Amino acid sequence: MMPRLILASTSAYRRELLGRLHLDFDTARPEVDEHALPGETPQALATRLAGEKARAVAVRFPEAWVIGSDQVADLDGQALGKPGTLEQARAQLTRMSGRMVRFQTAVSLIGPDGFAAQALDLTDVQVRPLQPQEIERYLAAEPALECAGSFKCEGLGITLFDAIRSNDPTALVGLPLIAVARLLRQAGFSLP
């Protein structure tokens, strides 16, 4: 019998990505405060939140394997959170215009037997120089208020970039499947 697997996320994008591995899984909302701690780096924030999300769900489902993931946009060492409002999204996109932004995407796997492992994927995005009217058109068409960096790379947001550099093309969407598959194999899951 396959062990129960739970994705600690309600993100449709993460659910779609994990579905690519052809594993049966459920989803559960992790109740976690996503604010950065004083002095916390973007990498430490992403790693901590991925672990906290997995642990928050594992407490509710102690018999299950739980995957938690978090992504933080890193501009010059400063974490850019989910914008939440159009004003914040506009400000983030303006700050990122013509700049390289590093996306720190962490994943954590926790098992019922005490297994715990994490991985981190780094994706560098070169944002092209953006005119104010381009930002306005983008936000009118696709307000990505719940996305790190204020864009959806799997949608119209891809038009905002000059280049993406990553070892895992799924990481920028929010769940680095190469790392997830590696962690699941380490835990004994059968994947090709």
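In case you wondered, yes, glycine gets a Cβ from its N, Cα and C as well.
ASP70 (active site, proton acceptor) falls within a strand when secondary structure is assigned with DSSP. Taking Cβ-Cβ distances under 8 Å and a sequence separation of 6 or more, the neighbours of ASP70 (active site, proton acceptor) in its chain are GLU34, LEU45, ALA46, THR47, LEU49, ALA50, LYS53, THR105, ALA106. Among the features that Swiss-Prot reports, active site, proton acceptor is placed at ASP70.
The annotation site 'Important for substrate specificity' is assigned in Swiss-Prot to TYR13 (among others). Around TYR13 (site 'Important for substrate specificity'), a 10 Å sphere centred on its CB holds 17 further CB atoms from the protein chains shown. According to DSSP, TYR13 (site 'Important for substrate specificity') is assigned to a helical segment.
Feature annotation from Swiss-Prot assigns site 'Important for substrate specificity' to GLN71 (among others); the stated evidence is sequence analysis. Contacts of GLN71 (site 'Important for substrate specificity') defined by a Cβ separation under 8 A and a same-chain sequence distance of 6+ are given as ALA46, PHE103, GLN104, THR105, ALA106, ALA148, ALA171, GLY174, in order along the sequence.
When secondary structure is read from DSSP and collapsed to three states, GLU154 (site 'Important for substrate specificity') falls in the coil class. Summarising the annotation, Swiss-Prot assigns site 'Important for substrate specificity' to GLU154 (among others).
In this structure, the CA atom of GLU154 (site 'Important for substrate specificity') is 9 Å away from the CA atom of TYR13 (site 'Important for substrate specificity'). Around the Cβ of GLU154 (site 'Important for substrate specificity'), the number of neighbouring Cβ atoms within 10 Å comes to 15.
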